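Notes for the one structure printed next.
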Amino acid sequence: MREALSLATQAQWLCPPNPAVGCVIVLPDGGVISAHTQATGQAHAEAQALRMLAAQGQSARGATVYVTLEPCSHHGRTPPCADALVREGVARVVVAVEDPNPLVAGQGIERLRAAGIQVDVGLLADEAREINLGFFSRMQRGQPWVRLKVAASLDGRTALDDGRSQWITSPAARADGHAWRARAGAVLTGIGTVLDDNPRLDVREVDTPRQPLRVIVDSRLETPPSARILPPPGDVLVYHAEDHPARRAALEAVGAELVCLPGAGGKVDLGAMLADLARRGVNELHVEAGHKLNGSFVREDRVDEYLIYLAPKLIGQGREMMRFGPLDGLDDAPALEFLDVQRVGPDLRLRARPPGRDRF
Ligand SMILES: NC(=O)C1=CN([C@@H]2O[C@H](COP(=O)(O)OP(=O)(O)OC[C@H]3O[C@@H](n4cnc5c(N)ncnc54)[C@H](OP(=O)(O)O)[C@@H]3O)[C@@H](O)[C@H]2O)C=CC1
Ligand SMILES: Nc1c(N[C@@H]2O[C@H](COP(=O)(O)O)[C@@H](O)[C@H]2O)[nH]c(=O)[nH]c1=O
């Protein structure tokens with residue numbers, strides 16, 4: 001199962017919105033064949049492993065199959081994997097975790113058991129769930145897993161007072177940031193960042209078969225049609241509180257869609273936006289915004305995970321990571337737990353989560 005989990009990890013940026021799954025087939029003669037989910041719309045892990053076996057002229061009859069997520073029982077873009085395993089005549093299937101999709105949960109396991117196959121569920125379940133937290137979040141909470149990325153100086157500054165911020169962290173840290181963009185269903189920023197940085201927010205520093213959706217929270221509806229974030233590859237959504245037919249038409253003319261979600265105080269309703277992104281198939285949302293929009297996400301407790309790069313330099317006066325508060329007291333400070341701390345080139349990368357946030 002550990003081998004299957006490691007394969008699943010390799011598929012994380014290949015297959016969204018599908019979950020990343022690993023499969024290891026152990027044949028009665030001790031032979032082993034393994035695979036992970038292929039690019040979006042292509043073979044699931046089990047189907048790929050069976051295909052590889054068939055290409056070697058072998059069958060999986062009597063085999064034990066280790067799979068990190070319950071084999072599917074439904075016809076999606078590919079045929080059901082549970083049926084393929086039944087047809088092959090495997091003896092036993094070890095499943096790390098049940099499918100969180102309420103429409104199909106448990107049905108693959110039932111189908112295997114109905115065919116007389118021994119099915120054991122729950123081996124390394126937490127590790128398996130962690131690999132697909134975004135998919136679990138979308139299926140069980142109806143919203144993406146929100147990961148907020150910040151690149152800052154050691155004293156927590158993300159830009160000079162006049163808005164200049166390129167670059168604070170090293171090329172190595174920025175490439176690492178692109179790997180996190182690559183596995184996300186969408187990369188989101190605010191209008192302040194669009195106007196100050198004119199960012200592209202695509203994936204360039206790492207190889208990827210797909211580009212995430214790009215999303216702008218535009219409180220002023222001022223995204224210029226010439227903005228570098230707008231052209232293909234990938235689709236662009238612009239969220240604003242109210243409709244504006246002329247701006248809508250201007251955005252549509254450059255391939256972007258305007259989505260209106262009125263919230264309190266004339267701002268975009270961030271909760272409704274997360275639900276909308278989930279409906280569009282976004283498992284992981286990668287937020288790369290400035291201190292204002294980051295502040296709104298933190299104030300509303302919408303951040304599931306922080307991805308913070310710290311460069312060994314001091315900026316002093318400048319923009320902070322996220323502007324919220326003031327707090328009434330330190331007891332009100334949102335508490336986090338560190339997940340891991342790593343050196344990336346000359347910089348540090350910290351990952352943190354609100355305690356228990358991954359339990360939903
Ligand atoms: N180092 C880093 O990691 C990064 C640095 N930056 C830097 O940040 C700076 C830009 O910061 P900033 O101006 O704060 O830009 P933001 O990207 O935070 O965008 C600000 C806009 O977001 C709007 N906003 C906040 N909450 C909401 C909401 N709920 N609904 C609708 N709109 C909302 C604000 O509206 P309102 O005006 O109404 O409050 C504001 O107009 C630049 O200097 C850039 O270089 C940017 C990204 C990453
Ligand atoms: N300044 C800064 C970052 N800034 C983020 O990167 C965006 C630019 O993205 P792109 O146009 O795709 O290269 C910018 O708008 C901001 O969101 N990122 C980092 O890793 N390190 C840095 O020092």
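Cβ coordinates come from backbone N, Cα and C, glycine included.
Same-site candidate for substrate binding, as annotated by TrEMBL with Ser165, Trp167, Arg181, Leu201, Arg204, chosen from Glu70, Glu88, Glu284, Glu288: Glu288. Distance between Cα atoms for His44 (Zn(2+) binding site) and Arg181 (substrate binding site): 23 Å, as a whole number. By neighbour count, meaning other C-beta atoms within 10 Å, the densest spot among the binding-site residues Cys72, Cys81, Ala151, Leu201 is Cys81. Closest in space to Lys292 (NADP(+) binding site), of the recorded positions given as Glu46, Cys72, Ser165, Leu201, is Ser165, taking the CA atom of each residue. For the binding-site residues Cys72, Cys81, Gly290, a Cα-Cα cutoff of 10 angstroms around Trp167 (substrate binding site) retains nothing. For the binding-site residues His44, Arg204, the ranking by surrounding Cβ atoms (within 10 Å, all protein chains) places His44 first.
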